[in-house]
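Asks: First the structure, then my questions, so here it is.
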Amino acid sequence: SLVKPCGHLVRPVAPTQLPGRYLSHQEGLPNLPVPPLQQTCERYLAALEPIVNEKELSHTKELLAEFQGSGGVGERLQKGLERRAHKTQNWLSDWWLTTAYLDYRMPVVIHSSPGVLHPGTGPCVGLVHSETLPVEYLGGKPLCMNQYYQVLSSCRIPGLKRDTVVNYSRSSRPPTHITVVHNFQFFVLDVYNSDGTPLTVDQLYIQLEKIWNSSLQNNKEPVGILTSNHRNTWGKAYSSLIRDKTNKKSVQSIQTSIFTVCLDAAMPRVSEELYRSRAAVQMLHGGGSRWNSGNRWFDKTLQFIVGEDGSCGVIYEHAPAEGPPIVSLIDHVVEYTKKSEIVRTPMVPLPMPRKLRFNITPEIKKDIDDAKQNMNIMVHDLDVKVIVFSHFGKNVPKAHKMSPDAFIQMGLQLAYYRMYLQCCSTYESASLRMFRLGRTDTIRSCSVDSANFVKAMDDPAKPNVEKVILLEKAVKAHRAYTDMAIRGQAIDRHLLGLKLQAIEDLTSLPEIFMDTSYAVANHYNLSTSQVPAQTDCVMCFGPVVPDGYGVCYNPMAEHINFAVSAFNSCDKTNAARMAQGLESALLDMRSLLESTPKAKL
């Protein structure tokens, strides 16, 4: 037979075979450093300057002086962190997983799980389980590949106060099935023939068609919607759901599957202009209980979504991985589907995919009804605008020798300042994958330099030459902060580490963490992420504060895909206005650069 090896969804491998290229590569990665205490304190003050008032700033200066003084609390906590770094592969990763995700009790939908909308193509995954993924590099340095191995065959499991994430690909018999959900009904689809070869495209198609045809009535209770609830509520409902043996087995089949494929019902028709925004929210939350929100298992790490109208994308549970590995996976899928397969389909008829059964007690029915109601409230409260900024892409900033990411971030700072006449705490995620088991740190895009630029931009008294100089300075400062962050020298995870160290030592919490400035610094009115992809996709996520925005973007050579989200319940924010403001800001920055003769500096 002509089976192409890269068509493997999962190659069932005995655990003894696993340590290969992947592990030897991981061993060579450096450990995440603990930055010097004084450096973090200085940089923290600099980050506060544009976002807090003078009184708050001087109060924080006093607290920091005391905190980092010799023999002070800071020094003791710093030593504790350094000891922790010495003993572990990564002093941050376990702490981050629990504080950022597993202890977080808001629903994963909107508040945590990103959705990805991508051009019309179907699902299929390769390379990961044969441990032959090519190692990625950044600036010549190898990156940690661990997250790729956490994405498949894994699932979040709800708890009463804290969740867990379980990965089944490392078990002695790795899963060989995916789950498919259609009209709220779940099916187990084995993706291997009895001889161990993966199903061909034809075979998968036949199996999906069988699933589709046997689930045309959607008179079933959408059990999946339970996963969209507040985590404590879902934790309670989960324990009553799995008391029943049939339910427990069905849930386990979903949890252990390689990934889930959601075959969605068509959404209500909208104009061409609104289509992308509507398709994006379908990836993010499914559109509410009347549409596809029950056609999910939101705890599943990876779910491919294929809508009846041809929209497709992915939603992933954020605990095990960041956006870039997910997007690389999507890029691979899209590339793979472009190849035509010449595979002879075996003549053996395939068994009917097994439908998962659920016994719905009155108690569970009530839990489902509550979850539907909560979901619909969340769906109505979220406003998402997807825009394709078609005027230029990475080409313009590059022509002016500026980092495209820094340029876009300055556009965001300008748009926000024009709307509110003040600067705000801004989060941009930076990858720490240069280090073993590295996750993210924060690039604080709002700086003294960005504030100087945005305040000058619309000031008629300032000459354009000066504005250009301020823009260049702001872009350089952003670039410098980014470089610092990816080298493990940013401030946010270090401060969090010091705080968690104090909690672990059971000492009283240092005053710097109870200070107004710390609260302001961590209230991100702009939560942003650049998720570049080979394919023309865009990722979207909800705001992280009630009065904030979530902004995700994928800069292509000649255009930029943006997704901007805000809550309708906040009368201060408006996703459409922010998206418009962002367009204007970027265009104004370009015309500033193009209309100003190069100053002789």
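Placed from the backbone N, Cα and C atoms, the Cβ positions cover glycine too.
Keep in mind that what you see is a predicted model, and the values were worked out from it rather than measured.
Among the features that TrEMBL reports, active site, proton acceptor is placed at His318. Per TrEMBL, the feature CoA binding site maps to Lys394, Lys398, Ala399, His400, Lys401, Met402, Ser403, Pro404, Asp405, Ser431, Arg479, Gln530. Positions annotated as (R)-carnitine binding site by TrEMBL: Tyr427, Ser429, Thr440. Per TrEMBL, the feature domain 'Choline/carnitine acyltransferase' maps to 32-583.
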Asks: Mind looking up the mean pLDDT for the domain 'Choline/carnitine acyltransferase' (32-583) in the predicted model?
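Replies: Taking every residue in the domain 'Choline/carnitine acyltransferase' (32-583) and averaging pLDDT yields 87.
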Asks: Can you count the other CB atoms that lie within 10 A of the CB of Arg479 (CoA binding site)?
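Replies: Its Cβ has 17 other Cβ atoms within 10 Å.
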Asks: Give the number of CB atoms, excluding that of Lys394 (CoA binding site) itself, located within 10 Å of its CB.
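Replies: A count of 20.
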Asks: Do any residues at least six apart in sequence from Ser429 ((R)-carnitine binding site), in the same chain, have a Cβ closer than 8 Å to its Cβ, and if so which, in order?
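Replies: Within the chain, Ser429 ((R)-carnitine binding site) has Cβ neighbours under 8 Å at Glu322, Gly323, Thr440, Asp441, Thr442, Ile443, Thr528, Ser529.
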Asks: Of the residues named as CoA binders, Lys394, Lys398, Ala399, His400, Lys401, Met402, Ser403, Pro404, Asp405, Ser431, Arg479, Gln530, how far apart in Å are the Cα atoms of the most distant pair?
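Replies: This binding site's residues have a maximal Cα-Cα distance of 26 Å.
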Asks: For the binding-site residues Ser403, Thr440, which one has the sparsest Cβ surroundings, going by other Cβ atoms within 10 Å?
Replies: Ser403
Asks: Measuring Cα to Cα, how many angstrom lie between Lys394 (CoA binding site) and Tyr427 ((R)-carnitine binding site)?
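Replies: The separation of the Cα atoms works out to 21 Å.
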Asks: Max CA to CA distance in Å over the (R)-carnitine-binding set Tyr427, Ser429, Thr440?
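Replies: So the maximum pairwise Cα distance among the (R)-carnitine binders is 11 Å.
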Asks: What is the number of other Cβ atoms found within 10 Å of the Cβ of Asp405 (CoA binding site)?
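Replies: There are 22 of them.
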Asks: Would you kindly give the Cα-Cα distance separating His318 (active site, proton acceptor) and Lys401 (CoA binding site), rounded to the nearest Å?
Replies: 34
Asks: List the residues in the vicinity of the (R)-carnitine site, defined as same-chain residues other than Tyr427, Ser429, Thr440 with C-beta within 8 angstroms of the site's C-beta centre.
Replies: Glu428, Ala430, Asp441, Thr442, Ile443, Ser527, Ser529
Asks: Report, as a single number, how many Cβ atoms besides its own are within 10 Å of the Cβ of Ala399 (CoA binding site).
Replies: 12
Asks: I want to check the contact list for the residue listed as 'active site, proton acceptor': same chain, sequence separation of six or more, C-beta distance under 8 angstroms. What comes out?
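Replies: Expected: Tyr101, Val108, Ser112, Ser113, Pro114.
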Asks: Measure from the Cβ of Lys401 (CoA binding site) and count the other Cβ atoms within 10 Å, all protein chains considered.
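Replies: I count 8 other Cβ atoms within 10 Å of it.
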